[in-house]
Each structure stands twice: as structure tokens, then as C-alpha cells.
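Straight from TrEMBL, the features:
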SIGNAL    1-22  signal peptide
TRANSMEM  43-66  transmembrane segment
TRANSMEM  87-106  transmembrane segment
TRANSMEM  112-132  transmembrane segment
TRANSMEM  195-216  transmembrane segment
TRANSMEM  222-242  transmembrane segment
TRANSMEM  378-398  transmembrane segment
TRANSMEM  419-438  transmembrane segment
TRANSMEM  502-525  transmembrane segment
Amino acid sequence: MRRDPSFISILLLSHVMQGATSEYTRDGSVDINKQPALKHSTGKWRACFLILGVEFCECMAFFTISKNLVTYLTAVLHESKVTAARNMSAWVGACFFTPLFGGFIADTYWGRYWTIVGFFPLYVVAMVVLIASASLPIFSTSSDHGGSVHRAFVYLGMYIAAIASGGVKPCTSSFGADQFDTNDHAELVTKGSFFSWYFFLINTSNLLSGTVIVWLQDNVGWAVSYVIPTVLMLICFPAFLAGSRVYRFRKMGVSPLTSILQVVVAAVRKWHIKLPDDSSLLYEPSGTDASYKIEHTNEFRFFDKAAIVSAPSDNESTVPLCSWRLCTVTQVEELKMLLRMSPIWASFVIVYAVDAQMPSTLVEQRMFMDNRVGSFTIPPASMSVVGVISCLVWVPIYEMALVPLARRFTGKEKGFSQAQRLGIGLALSMLTMVYAALLETRRLAVAEASGMRDPDAPVPMSILWQVPLHVVHGAAQVFAGVGATEFFYDQSPETMKSLCAALGQLALAFASYMNSLLLSIVAVATTRR
């Protein structure tokens with residue numbers, strides 16, 4: 001049978017066009033020159049390694065400051081235990097509150113890459129300030145003036161680091177996830193593994209900080225411990241800049257906060273208008289980019305009123321895309337996505353409150369337990385390394401054993417649904433605090449049985465009793481921590497990835513401030529007499 005030459009030509013042309021299309025990503029990503037990103041030369045793990053290097057340095061700096069901070073505030077700045085724990089919680093809260101502003105800047109003005117580039121050098125400045133505060137002779141004086149200057153310099157360095165953290169934290173995870181094409185099934189599966197190994201790297205830096213860095217702080221000097229992450233940052237940051245040609249970038253949309261406010265204002269203006277039965281009558285320009293378009297849903301229908309074409313002037317040709325009186329369906333659905341995320345966000349305030357206890361009150365609990373194991377003495381701040389090791393062990397177990405096993409029963413590509421993964425993490429976090437409360441009750445009982453008048457005096461009770469607590473908490477982190485990071489990226493609107501990553505960090509901030517409030521309440525309630 002002879003085939004029509006024109007038919008063969010069409011087939012060949014279709015094949016050529018398909019090959020040309022497959023050379024580029026299908027999710028609208030562009031390269032550093034704002035040209036369509038080539039699949040074979042941009043993104044994926046080649047880009048993620050450089051991004052993870054920046055995150056590793058940021059985490060090393062953060063944990064170097066925070067891991068032994070209670071000890072530093074009490075032993076060097078001579079703050080009381082309650083004041084030190086409260087100040088630490090306030091600083092950690094600031095570190096996880098500032099990402100809200102960093103995420104807004106990234107999604108609205110600079111983009112994720114340039115936000116990292118702009119804020120990361122501030123971390124170097126913060127570390128230099130802390131190195132100076134720990135090494136210059138002027139700060140070693142015991143006079144009131146010298147002590148005040150020293151204290152001010154320490155807190156200056158800490159809060160510069162908090163500001164720098166605000167620009168780096170919400171961008172590294174989302175920028176790393178941007179390196180995988182969401183419309184390519186193979187890359188989409190790999191992106192799920194990215195979050196697990198991202199978390200693995202965070203815990204590696206946590207492990208090094210809780211062992212090597214804490215040992216240096218206790219035995220060599222604080223300045224030396226601050227030099228190490230500073231040197232790492234000076235090495236990794238230029239490497240991150242050098243890899244700019246292999247990164248994939250997402251196109252920026254309108255200001256996410258402006259878009260949200262427009263929907264609320266437009267919906268309130270039209271509160272009296274009845275919604276049409278046919279959702280296709282709601283406003284959505286035909287030229288909307290398919291990669292950013294969101295289909296209509298029936299939840300929170302009041303906000304659909306923002307997309308009602310209520311007057312003859314409200315039409316596609318005369319009304320701007322981002323109007324305070326007429327919004328698109330996609331804008332409305334972006335707000336709905338944030339509202340659907342809010343219950344999960346609220347539950348994670350409680351989960352992260354458990355995390356806030358780890359470097360503060362539980363360190364203080366270890367300070368009043370027997371930290372000798374044979375001839376070896378365990379520094380109180382280093383005991384949390386058990387939880388870190390637990391995380392490092394659980395990540396590969398989860399990826400290589402639990403996910404394939406769960407996939408056989410659930411049929412889901414990722415093994416567990418996001419709700420199941422988060423729920424398991426919540427349950428394990430609860431068990432962590434139950435064990436901590438029982439352990440403290442036991443410690444006080446031992447102190448009373450030993451005839452100690454001061455319940456905060458060291459008791460003949462091994463510090464190893466905290467090991468099960470950190471093992472359970474490590475498992476909770478693998479389920480809840482990784483799950484939350486992936487959840488806030490996957491469930492967020494395309495134009496709000498950094499901002500929603502910052503919302504996850506904001507939950508940490510609220511948890512730290514809640515922890516600080518609880519410490520104050522407990523201190524007042526238990527010291528009345």
C-alpha cells in the first residue's frame with residue numbers, strides 16, 4: 001500500500017517537533033538568560049548539589065550558634081537558666097520568623113536565586129561579628145561596661161544571622177525543588193527523594209555541630225568554633241555562584257500578598273451578588289499560562305465572588321488581570337490553597353514546639369544528671385547527637401525500605417500519603433514529650449529520695465536515660481519534618497513557593513515563641529513560694 005507523501009512529511013515534522021520540544025523542560029522553567037531551560041544541561045542533581053552545599057553551610061552556622069547557646073549565655077554572659085532559655089527561644093523564633101519576609105522578597109521582587117545571593121553574605125558578616133566577640137581582648141574584661149559591650153556585640157551577631165537566615169532558609173528548599181520538571185514523571189519522583197536527602201544533609205550538619213563544634217567550644221574556644229562554618233561559607237558560596245548556568249528558574253508572577261488581598265477585597269465588594277451555577281462563567285482570561293492556571297474547586301465559595309463578572313465594564317478587554325474589583329479564578333484558587341494548608345500549619349506549631357525544647361530545657365535537664373559514662377564525660381549539649389544519628393539512620397531506611405514496603409500495600413508512588421506521613425510524625429512527637437515528662441518526674445523523685453534540698457542539683461541518674469527520647473524524636477523528624485517541607489512545597493501555588501516554605505519556617509517561629517511563653521508561665525507558677 002502506497003502512502004501519501006504529504007502524510008509521511010507530516011509524521012516526520014511531528015517527530016522533529018516532538019524531539020525539539022523534549023529538549024526543553026515542560027513546566028515553563030528558564031535558564032539564567034531567561035531562555036527555555038534545556039533538560040540535558042540544566043537542573044536535576046547537578047544543580048542540587050551546589051544548592052545543598054549552600055544549605056549545609058547555612059545549617060552549620062545556625063547550629064554552631066544554637067547548639068550550645070544556653071551554655072554560652074549562662075557560662076559566659078552569666079544569664080540565669082530561665083533567662084537563657086527564654087532568650088534562646090526568642091532568637092530561634094526570630095530565625096524562623098524572618099523567612100516570611102525573605103520568602104515575600106523572593107516571590108515578589110528578586111526570585112529565589114538572587115535572594116540567596118543577596119542574603120548569604122550577611123551570614124558571613126554575622127559570623128565575623130561573633131568571632132570578634134569571642135576573641136578580642138576588649139570583651140574579656142569583667143567590668144560592667146566591658147560585659148555590657150560584650151553582651152551587645154554577641155546579640156548583634158546573633159540577630160544579623162537571624163536576618164540572613166530569613167533570606168536563605170525559605171529559598172534553598174524551594175529553589176532545589178525547582179530543578180525538577182513537574183511535568184516529567186521521572187523527575188517528579190526524584191524530587192520526592194530530594195526533600196529526604198535535603199533533610200539528611202541538615203542533620204549531618206546538626207551531627208557535626210553537636211559533636212565536633214561543641215567539643216571545640218567546651219575545650220578549645222568559642223572563636224575557633226565560629227571560624228569553621230565561616231570558612232565553609234567562603235568556599236561554598238563562590239561555587240554556588242559559579243554554577244548559575246546550570247540552574248532552572250521559575251518565572252515570577254504578581255506579588256503574592258497583593259494577589260491575596262485583591263481576592264479578599266473583590267469578594268467583599270460583591271458579597272451581595274449571587275454566585276452563578278456554572279463555574280465556567282467566572283473570570284479566567286483565555287491567555288493564562290497553562291503551567292500557572294488552577295482549576296476551579298467548590299470549597300470556600302464565598303471567595304469565588306471575586307471572579308464574578310458583575311458589570312458590562314468587567315470584561316476581558318477592559319479590566320486588568322490583577323484588579324481590586326475583578327480577579328481570576330486562578331487568583332481565587334491560590335487563596336483557597338493557602339486556607340486548606342492552614343490546619344496543617346497550625347498542627348505543626350505544636351510539633352515544632354517539641355523541637356524548641358530540645359536545645360533549651362532538655363539541655364538543662366542533662367546539666368543536672370550524671371553525664372559520666374565509664375571514664376568518658378558527655379557534654380550536655382552533645383547528647384542530642386543521638387537524635388541526629390537517629391534521623392540519619394531513619395532517612396535511608398524510610399527511602400529504601402519503608403516506602404517500597406508501603407507502596408505494595410497502598411499502591412501510592414510515594415508509599416505513604418502526605419496525611420499519613422504527617423500523622424505518624426505527630427504521634428511520635430507526642431510520645432517524645434510524654435517520655436520527657438516522665439523522665440523529669442523520675443529525676444525529681446531521685447533528687448528527693450537522695451535527700452537533696454535543691455531539686456536542680458545534679459542527681460545520681462545517668463544521662464543515658466535521655467537516649468530513647470532522642471531516638472523517638474529522630475524518627476518523628478523523618479516523618480514530620482521531611483513531610484512538612486514537601487507538603488508546603490507541593491500544596492502551595494506556583495507563584496508562592498518561597499512564601500509557603502517561609503510559612504513552614506513561621507510555624508517554627510511561633511513554636512519557639514510559644515515555648516518561651518510556656519517557660520515564663522511555668523517559672524512564675526512554680527516559684528510563687
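Note that Cβ sites are derived from N, Cα and C of the backbone, with glycine treated the same way.
Quantities reported herein were computed from a predicted structural model and do not represent experimental measurements.
Between the transmembrane segment (112-132) and the stretches 87-106, 195-216, 222-242, 378-398, 419-438, Cβ pairs under 8 Å are most numerous for 222-242. Counting same-chain residues at least six beyond the ends of the transmembrane segment (378-398), those with a Cβ under 8 angstroms from any Cβ of the stretch are 67-68, 70-71, 196-197, 199-200, 203-204, 206-207, 210-211, 214-215, 218, 358-359, 362-364, 366-367, 371-372, 463, 466-467, 470-471, 473-475, 477-479, 482. It is 43-66 that, among the stretches 43-66, 87-106, 419-438, 502-525, forms the most Cβ pairs under 8 Å with the transmembrane segment (195-216). Counting residues 6+ beyond its ends, the transmembrane segment (87-106) has Cβ neighbours under 8 Å at 62, 66, 69-70, 73, 79, 112, 115, 119, 158-159, 161-163, 165-171, 174, 255-257, 356, 359-360, 498-503, 505-513, 515-516, 519 in the same chain.
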